[in-house]
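Below you'll find the structure, written out as structure tokens, and then a few comments.
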Amino acid sequence: MADISSDQEADLNLEHQQLSSLEESSPRNRRLYSFVGTYGGDTPNLSRVECAKQYLAKQCTTLTFLCCLNSFLDKIPILRCLKEYKIRKYLFGDIIAGITVAIMHIPQGMAYGVLTTLPPVHGLYVSFYPVIIYMIFGTCPHLSIGTFAVISLMTAQAIESVIQPSMNMIDSNQTLSSISSSGSDLLMINERISIATTLAFLVGLVQLILSFLRLGFLTVYLTEPFISGFTTGAAIHVFTSQIPYIFGLKTPRGVNGPFKLPKLYVKLIGILLRDINWISTAIGICSIIALYLAKYLNERFKSKIRIVLPCELILVIIGTVVSHFTKLSTHGVSIVGEIKRGLPLPTMPTFNHVNELISPAITIAAVSLSISISMAKMFSRKHGYKVSANQELLAYGISNVVPSFFQCYPNAGSLSRSVVQEGSGGKTVLIGGFSSIVLGSVIMALTPLFRPLPMACLAAIIIVNLKGLFFQVKDFVFYFQISLLECTLWTMTFVSVLLFDVDIGLYVGVCTSFIINTIRTQKPRFVTLGQVKDTGLYKNIDYFPSACQYPRIKILRFDESLYACNAPFFKRKFYELIGICPVYSPIICCGEKLEENKSEEPIYKYVILDCSPFNYIDTVGVKLLIQVYKDLKKRGITLYLSECRFEVRHILDAMKFYEKTELYIIYVTTHNAVVGAINALNSAPVNNDESNGPTENQV
């Protein structure tokens, strides 16, 4: 250390006098108190009651009529959009994007409506009503709300889980002679619609509750590896459900439980060899090839072609025309059949099966939120606008609750339509309005024209649109190279969805994600630090082998907050890193008895714990530090803490940490702690009560 000039000595003497007076009134670390007093701000120590009074007073100042009105209007984002709308800049792009997405909505809505085991027109309803609601309350202009393959499949499974017991009850109450075949089919369809609308209402209710409780942050726990593995597995289920339509077969019934897909494929192969319809097969395969090539060309030349070719709508038109003039239905080819014209009148959901639908409603709400919000945030980062998770929850909730009165089933954002909506030049949420105008016109006037459309064409549309989800299999390799834990999450979610079912896969994935996050916090890195040459920086010696380590001084860093869950790991790893591993004698001695040598000189005299990663510390963590300090002191080792944040020091103060340890074991920086330890080692040995006192370098 450099020699101190006379002026510096005078300043130090003055500071020591100030510290002496401070020490009499405070049990705090003297140098730390000086540092906080010199550089810190005044932070009054308010009681809980005083803090509550200040919060209420602050909130009451905003309870004016104008503030409440603005707060209410902020929940309707379309008002701000209309206020700031620039007609010349936005109108043309919004109209083009709305028409383009509406053209995609028509075939996809019909296809996904069939996927839910409902009449195709209900898919068009889901493409119409929720889009209008989201336009009013949503915040992402590029997100296309409506039908989505995974949600449609989960809706179908929820309907099937309820419809069989319900139909059995109806059949037991009425004789077969009292119900004609057509009447029975109509009764079955009405029952399915009733279940679907009740499910949509419950899904929206769950989302609204999350919004009102401001629990939008919970969606961050549905991570990308989980969503990728879940949707990839669900895509295989959707693909499997469309195979019978491609080959003109009847869907096998009664296949449930574990290993559902393998059992289903075994049955399909048996039916395929016996009942295949070659005309339907030719239509399905040709449609898949044509759609795939058209989408490939769209993607290849999208930079040169302003408007995306509506290949799906063209396929529907061609399939309908060919089927009409060739009478394909007479050759055993399944067709769409009668489609109601016009919009349905509002009717209240029946709520007959609420108990059975609560669990699937929560599952569908979680999947819908994870998919929709992740896409909305992706577009917001790309285009630089803000998306509020709680406002999105409100929009999704209302777009499920209100359409449930108009015979709609649950909806979600679609990645394929959203990408097209973004690439078509749309800029505001009014895209949904122009899209709904086109959809409304089709539903009011053109739906009967789609009666002869082959079901194989709709199945081909669904299968080709699953391409992006199938390609997510590549994520397994990506996560395997990046993180073994994220790869495990992806694999567990995917395999459980594949081998069991979509809802089981969701639960397994969420539990796996929770376990992985728990492992990360319970067993974080605990590393040894060394000083980088000629600097005051201290780095992990595993990554910086040239970093200097001082003899008799150990510098450690625990890369996580210290709390009850990781306290046992902290204690075990801490003693392991400083070379204290107690040896216990075996119960049955074989040979020479092993005993711990308690008189052995410790390897280190000073252990410095860098607390900079501690965002917080709980009472268990504080008690552990006190216990470790006292144990090390008995062994002749001194523990120093460095770089503790204000929140951590506040808990230490509240737990009377300084009274139970020493007055001066906390340093502002790790470098100052090292200098203090070096000075203490170089000083003359004194008794324990006087040793390790504060020096001019201690903080």
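Including glycine, each Cβ sits where the backbone N, Cα and C put it.
Pulled from TrEMBL, these are the features on record:
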{"type": "TRANSMEM", "residues": "90-108", "note": "transmembrane segment"}
{"type": "TRANSMEM", "residues": "128-151", "note": "transmembrane segment"}
{"type": "TRANSMEM", "residues": "193-213", "note": "transmembrane segment"}
{"type": "TRANSMEM", "residues": "276-294", "note": "transmembrane segment"}
{"type": "TRANSMEM", "residues": "306-325", "note": "transmembrane segment"}
{"type": "TRANSMEM", "residues": "357-376", "note": "transmembrane segment"}
{"type": "TRANSMEM", "residues": "428-447", "note": "transmembrane segment"}
{"type": "TRANSMEM", "residues": "453-470", "note": "transmembrane segment"}
{"type": "TRANSMEM", "residues": "504-520", "note": "transmembrane segment"}
{"type": "DOMAIN", "residues": "543-677", "note": "domain 'STAS'"}
*Compare 276-294, 306-325, 357-376, 453-470, 504-520 by their Cβ pairs under 8 Å to the transmembrane segment (90-108) and return the stretch that comes out on top.*
306-325
*asked:* Can you tell me which parts of the same chain pack against the transmembrane segment (276-294), counting only residues 6+ beyond its ends and a CB-CB cutoff under 8 A?
replied: 245-249, 309, 311-312, 314-315, 319, 328, 331-334, 454-457, 459-461, 463-464, 467
*Report the DSSP secondary-structure composition of the domain 'STAS' (543-677) as helix, strand and coil residue counts.*
48 helix, 21 strand, 66 coil
*Determine which recorded stretch among 128-151, 306-325, 357-376, 453-470, 504-520 has the most C-beta pairs below 8 angstroms with the transmembrane segment (428-447).*
128-151
*Looking at 306-325, 453-470, 504-520, which one has the highest count of Cβ pairs under 8 angstroms to the transmembrane segment (357-376)?*
504-520
*asked:* Under 8 angstroms, Cβ to Cβ: which one of 128-151, 306-325, 504-520 has the largest number of such pairs with the transmembrane segment (453-470)?
replied: 306-325
